[in-house]
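Everything on this sheet refers to the single structure shown next.
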Amino acid sequence: MASFGQLNTILSPTVLILFITLPLSKAVLDAHFYDQKCPQAEHIISETLRNASIYDPKVPAHDSKAKLKMACPNIVSCADIIAIAARDAVTMSGGPYWNVLKGRKDGRVSKANETINLPAPSFNVTQLSQSFARRGLGLKDLVALSGGHTLGFSHCSSFEARVRNFSALHEGDPNINIEFAEKLRKKCLEPKRDHKAGEFLDSTSSTFDNDYYQRLMAGKGVFGSDQALYGDFRTRWIVETFAKDEKLFFREFAASMVKLGNVGVIEDGGVRVKCRVVN
């Protein structure tokens with residue numbers, strides 16, 4: 001599996017993990033893939049997650065592998081474990097539930113180099129849409145999946161350029177709320193800054209909700225790529241719609257997660273013995 005530690009500042013944990021662990025393919029997945037082979041798989045993963053951290057699915061996912069190895073050896077792939085754990089992390093935080101399509105195989109080589117294909121926090125909507133289009137995802141998917149930032153956290157390095165020395169004319173990005181920019185500057189003071197310093201991507205960081213979109217409308221997007229969704233006419237109306245209708249956002253997020261998961265599976269891979277190490 002790829003190394004995740006330095007990546008959680010770009011996408012929400014749930015979307016990010018799927019984005020870099022599910023390579024493109026046209027193979028068919030099945031929601032009932034383990035019904036006969038390992039019917040207790042989802043329960044084991046869910047319970048492991050519940051007893052660990054709901055904010056970072058990759059951690060309990062590896063713990064789940066050890067328990068699944070005892071219950072049904074060499075059956076459940078690490079890719080499927082992560083997809084299920086990502087769904088459960090959202091649900092346990094008050095977000096929507098969706099049926100995870102299963103049957104993925106794990107890669108036989110490390111995918112760490114695929115992180116270069118991740119959308120950067122400075123991307124505009126055109127760049128973001130191109131990145132998502134490579135996975136068969138459209139503008140509505142882009143805005144819906146970006147809403148996963150409701151559970152996200154960013155270190156200063158991913159947004160500091162927006163609030164300090166932005167350009168020759170502006171100290172900060174003119175698209176950011178002035179008071180919010182000052183708050184971010186204070187959290188990222190130099191030179192003796194805590195390497196863990198940063199900001200949650202919305203004000204209800206432990207709850208999956210639509211606060212993220214409301215903050216974009218107030219100019220309080222942490223990433224430039226977040227705020228761009230409200231600044232671009234192609235996506236502004238979607239942001240406004242999700243900000244007003246949380247139930248609709250939940251439905252669209254779940255549908256987009258299914259789409260994201262359905263395009264990613266390795267047809268000629270295997271099932272890893274340990275998620276962090278290729279067989």
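Using N, Cα and C of the backbone, Cβ positions are placed for all residues, glycine too.
Because TrEMBL annotations are produced automatically, they should be read as predictions rather than curated entries.
Of the cysteines CYS78, CYS188, only one is given by TrEMBL as the disulfide partner of CYS156: CYS188. Per TrEMBL, the candidate among THR91, THR126, THR150 that belongs to the Ca(2+) site alongside THR204, ASP209 is THR150. When Cβ neighbours within 10 Å are tallied across all protein chains shown, the highest count among the disulfide-bonded residues CYS78, CYS188, CYS275 belongs to CYS78.
CYS78 (disulfide bond) carries a helical DSSP state (H, G or I).
Between the alpha carbons (Cα) of CYS78 (disulfide bond) and CYS188 (disulfide bond) lies a span of roughly 36 Å. Note on the domain 'Plant heme peroxidase family profile' (63-279): mean pLDDT across this stretch is 87. The two recorded residues, CYS188 (disulfide bond) and PRO119 (substrate binding site), show a Cα separation of 23 Å.
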